[in-house]
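Below: the structure, in structure tokens.
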């Protein structure tokens with residue numbers, strides 16, 4: 001009698017050779033549930049160490065200690081590296097190993113919503129700071145807004161161009177989504193290329209505008225609130241652009257299917273959030289704040 | 001005792017709050033706008049002068065006068 005094929009993770013000398021991945025399929029079959037129990041990973045601890053280095057380095061940098069800047073940069077690089085390898089592992093587990101069943105997908109999908117809400121809260125703080133200073137300007141700056149002598153950007157120039165650029169980028173990402181849902185893979189790649197190009201043009205124009213702006217971050221409370229609100233928004237634009245580039249690459253490599261593209265959906269939601277924030281920024285800080 | 005009239009700036013409905021800094025600042029600005037419109041010694045402006053002198057702390061008035069002399073007063077005069 002031929003022996004049954006053993007359910008082992010042996011690397012292949014018993015009866016025909018089981019690759020680890022194939023053996024894992026057997027493991028899933030014996031799992032009897034559709035959840036994903038992840039393998040042990042070093043990335044959480046490495047991320048924590050990176051965060052520790054960043055915070056300690058940051059404090060050292062802001063106080064008169066030697067080596068603060070180095071530790072801060074090392075910590076930040078380490079955090080970025082952890083993000084890269086962790087998410088690479090997620091992609092490997094989901095797309096290549098197939099662990100992301102329908103229930104597993106619900107986690108990242110509905111989890112990205114509280115994340116985006118937390119980002120909204122973060123930016124809301126800077127909007128509130130701006131309103132606090134601009135709605136009832138203090139006697140010390142003359143009771144007027146913008147304060148006397150502060151050169152403001154004309155909202156009808158570059159800001160008025162950049163806002164529709166970002167809006168079109170949001171439309172392009174919706175186009176990409178529809179293409180993915182319709183199974184039109186090449187068209188989805190083009191749409192994502194359009195999304196990213198518009199985003200890069202936006203960032204380029206913003207950078208140029210910052211460079212030749214008449215006032216700077218240290219020019220009174222106006223400069224502080226303007227720069228922090230628009231600056232952090234710009235940072236989120238860059239993150240969203242990076243996320244979209246990765247989606248574009250994945251789409252090109254064929255990772256995304258019409259039923260399963262959670263990463264893309266998270267990127268699209270994030271991109272729309274960035275877009276909406278830009279609209280609020282334009283109306284309240286560029287337009288109203290400059291009058 | 002001679003009758004001494006004790007008066008202060010009237011309550012201004014534009015500034016209903018306890019914190020009257022903005023009231024003081026507005027009266028100061030109004031005085032200087034009046035002087036700019038009507039001339040240095042005009043009597044209509046005397047009223048605004050009394051108001052801001054009763055409302056504003058002396059240090060603030062000194063600082064603002066200095067700023068005006070140096071051309072760096074931030075308010076809309």
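Yeah, the Cβs are placed from backbone N, Cα and C, and that goes for glycine too.
According to TrEMBL, the protein has these features:
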- B:24-B:56: disulfide bond (DISULFID)
- B:34-B:45: disulfide bond (DISULFID)
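TrEMBL feature annotations superimposed on the structure.
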residue	record	DSSP (3 states)
B:24	disulfide bond	helix
B:34	disulfide bond	helix
B:45	disulfide bond	helix
B:56	disulfide bond	coil
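Listed disulfide-bonded residues: B:24, B:34, B:45, B:56. The one with the lowest count of other Cβ atoms within 10 Å of its Cβ is B:34. Geometry remark: residue B:34 (disulfide bond) versus residue B:56 (disulfide bond), CA distance 18 Å.
On the backbone, the CA of residue B:56 (disulfide bond) and the CA of residue B:45 (disulfide bond) stand 16 Å apart.
The separation of residue B:24 (disulfide bond) from residue B:45 (disulfide bond), Cα to Cα, is 15 Å.
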